[in-house]
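Engineer: The active site, proton acceptor feature in Swiss-Prot is assigned to D127; the stated evidence is sequence analysis. Taken from Swiss-Prot, the feature ATP binding site applies to G11, R72, Y73, G102, D103, G104, S105. Swiss-Prot lists R21, A22, V23, V24, R25, R154, G185, A186, D187, K213, K214, H215 with the feature ADP binding site, giving sequence analysis as the kind of evidence. Look at Swiss-Prot and you will find D103 tagged as Mg(2+) binding site, backed by sequence analysis. Positions annotated as substrate binding site by Swiss-Prot: T125, I126, D127, R162, M169, G170, R171, E222, R244, H250, I251, Q252, R253.
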Amino acid sequence: MKRIAVLTSGGDAPGMNAAIRAVVRQAISEGMEVFGIYDGYAGMVAGEIHPLDAASVGDIISRGGTFLHSARYPEFAQLEGQLKGIEQLKKHGIEGVVVIGGDGSYHGAMRLTEHGFPAIGLPGTIDNDIVGTDFTIGFDTAVTTAMDAIDKIRDTSSSHRRTFVIEVMGRNAGDIALWAGIATGADEIIIPEADFKMEDIVASIKAGYECGKKHNIIVLAEGVMSAAEFGQKLKEAGDTSDLRVTELGHIQRGGSPTARDRVLASRMGAHAVKLLKEGIGGVAVGIRNEKMVENPILGTAEEGALFSLTAEGKIVVNNPHKADIELSSLNKSLS
């Protein structure tokens, strides 16, 4: 394989630029030409395919976002869109593609593979909801951003003896909420993977203030409900505290990636090129126990809950490459 391309698709994630850089630099070291596909699958179909060299990626490892830009392109789910994209790839002499994105992006890579075109998937999403990898590119940065914001909110919450419901991203996965909540000593962590009762949360808030607590911090995954709706339900369940709600929003997607995300993205990008060099396609790169692994992209792209909860309060991870997490005390004070 002498000529490959790289694209980013779906929601952006810190570390995508580091992955692109690694793909380009590794490809050059392997004697391969590398092209950038701008604007994801939409750009592929439109022929926005341009050569990249070491200078193109010389100053991007520390930048958030993706310099190749990203776009959602549902038309690629249709055969017509796929064939147009492949036509453009062949026109530019591209023999393989590295796709950086979430499960929607993986579906596109899977379609390319089904048409006999080698594609490698890299997990680029802050949600950490990709099967077959312990961590996704961007997750660590998003958790760190959420942690910093929650720490600041705790300061003002303590000053006014307030309860804060803080909504974080994650789509249908509770990973950001879980990690950021534990890291900040949140009083309650509400995630889609675990059931909860409003009356229990109200009782916990009341007990905390009666014991002299100066604040109550509730970290809420967006996949459960909005912070505004959750706050309203708390009041309906009898909460009488001075309540505020905050949605952290897209700040979690931006910013310079952490060292962990930069290293993870670099390792994954280089590994993807080595696979293509060996003629391997149709797989997604992941990290398990700090080692690079490959999984069939067909299974990796399938959506579904990554967690289920046992009666004992233990998370059973449907993704076998994620560690089990004890949740028996998560709906109690972690302060």
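Just so you know, the numbers here start at 1 and follow the chain as drawn.
The backbone N, Cα and C atoms fix where each Cβ goes, glycine too.
Neighbours and distances for these, please.
Structural biologist: Within the same chain, residues at least six positions away from D127 (active site, proton acceptor) with a Cβ under 8 Å of its Cβ are G102, T136, F139, M169, G170, R171, A173, D175, I176.
With a cut-off of 8 Å between CB atoms and residues at least 6 apart in sequence, the same chain places S70, G101, G102, T125, I126, R253 near G11 (ATP binding site), listed in sequence order.
Secondary structure at V23 (ADP binding site), as computed by DSSP, is helix. For V23 (ADP binding site), applying a Cβ distance below 8 Å and a minimum sequence separation of six or more within one chain yields I4, V6, V34, V98, G269, A270, A272, V273.
Sequence-distant neighbours of R244 (substrate binding site) (same chain, 6+ apart, CB under 8 A from its CB) are S157, R162, T163, F164, V165, G231.
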Engineer: Using DSSP with the three-state reduction, classify R244 (substrate binding site) as helix, strand or coil.
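Structural biologist: It is in a strand.
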Engineer: To the nearest whole angstrom, state the Cα distance for the pair K214 (ADP binding site) and I251 (substrate binding site).
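Structural biologist: Taking the Cα atoms only, K214 (ADP binding site) lies 27 Å from I251 (substrate binding site).
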Engineer: Between C-alpha atoms, which of these binding-site residues comes nearest to R21 (ADP binding site): R72, D103, S105, I251?
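Structural biologist: Closest by Cα: S105.
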Engineer: May I ask you to report the DSSP-based helix, strand or coil state of D127 (active site, proton acceptor)?
Structural biologist: coil
Engineer: So among R72, D103, G104, S105, I251, all listed as binding-site residues, which is physically nearest to R25 (ADP binding site)? Use the C-alpha atoms.
Structural biologist: S105
